[in-house]
Amino acid sequence: MNVILFGPPGAGKGTQAQYVVERFGIPQISTGDMLRAAVKNCTPLGLKAKEIMDAGGLVSDEIVLGIVADRLSCEDCGTGFVLDGFPRTIPQAEALIEILACLGKQTDHVISLEVSNDEITRRLSGRRTCPSCGKGFHVLFAPPRKAGVCDFCGADLVQRGDDHPESICNRLSVYEKQTSPLKAFYAQKGLLRAVDGSLPVEQIQLQIRKVLEGCSSDCA
């Protein structure tokens with residue numbers, strides 16, 4: 001079962017990807033993790049990527065696609081995988097089709113977690129982090145006992161720069177520009193399934209299970 005998972009920042013994509021991993025026994029694969037692993041393991045492509053990143057450049061599609069191809073050919077992907085954060089462009093999506101074809105595979109499901117911009121802003125703008133011990137809080141969903149103060153070490157909590165409303169708006173705009181063409185691409189192929197990401201976690205998981213297992217509406 002080969003799955004691609006889309007979702008804007010704050011949609012809970014990581015949580016749902018982990019659910020797919022645990023339920024179906026397939027690895028979660030992200031381009032960030034793949035790049036870091038390739039660099040750490042000093043693979044030929046990893047060394048090229050490190051040289052570019054150290055110089056402050058953007059890693060080319062050629063290198064990224066090579067790393068993706070290497071990762072998808074690993075033994076643990078034999079029964080499937082869930083791709084997180086890839087592809088990001090139509091050329092990458094087209095190249096992924098070729099990579100999978102060379103491995104005798106194809107994309108089986110493309111899931112898009114749909115959450116309104118207002119809800120995303122509410123989720124992200126409420127996040128707070130302790131700069132001392134690293135613990136995370138949320139002003140609405142997991143508030144500290146004393147406002148603005150870490151429960152564990154007493155340090156003042158901070159808000160990440162990219163969790164400010166202006167930054168969130170920019171991130172959502174970038175996401176929309178990236179994924180709208182991809183959604184159309186996969187919808188045309190009959191692979192795209194939208195899942196309501198504003199529901200409680202368990203209900204989102206049930207929707208994803210229905211998609212991946214082909215369950216009817218009464219699947220429990």
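Just so you know, glycine gets a Cβ as well, placed from its N, Cα and C.
The Cβ of Thr15 (ATP binding site) has Val201 as same-chain neighbours under 8 Å, each 6 or more residues away in sequence. The feature ATP binding site is assigned by Swiss-Prot to Gly10, Ala11, Gly12, Lys13, Gly14, Thr15, Arg127, Leu199.
Residues of the region 'NMP' (30-59) grouped by DSSP class, helix first, strand second and coil last, total 21 helix, 1 strand, 8 coil. Taken from Swiss-Prot, the feature region 'NMP' covers 30-59.
Look at Swiss-Prot and you will find Thr31, Arg36, Gly57, Leu58, Val59, Gly85, Phe86, Pro87, Arg88, Gln92, Arg160, Arg171 tagged as AMP binding site, backed by sequence analysis.
Swiss-Prot lists 126-163 with the feature region 'LID'. Beyond its flanks by at least six residues, the region 'LID' (126-163) meets 171 of its own chain at Cβ-Cβ distances under 8 Å.
Under the heading Zn(2+) binding site, Swiss-Prot lists Cys130, Cys133, Cys150, Cys153. For Cys130 (Zn(2+) binding site), the same-chain residues that are 6 or more apart in sequence and have a Cβ closer than 8 Å to its Cβ are Gly136, Phe137, Cys150, Phe152, Cys153, Ala155, Leu157, Val158.
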Tertiary contacts of the region 'NMP' (30-59), as residues 6+ beyond its ends and Cβ separation under 8 Å: 66-68, 70-71, 83-86
Arg160 (AMP binding site) to Cys133 (Zn(2+) binding site) - Cα separation in whole Å: 15
Number of Cβ atoms other than its own within 10 Å, given for Val59 (AMP binding site): 18
Length of the line joining the Cα atoms of Arg88 (AMP binding site) and Cys133 (Zn(2+) binding site), in Å: 34
Inter-residue Cα distance where the pair is Gly14 (ATP binding site) and Thr31 (AMP binding site), in Å: 13
Recorded ATP binding residues, Gly10, Ala11, Gly12, Lys13, Gly14, Thr15, Arg127, Leu199 - maximal Cα separation rounded to whole Å: 19
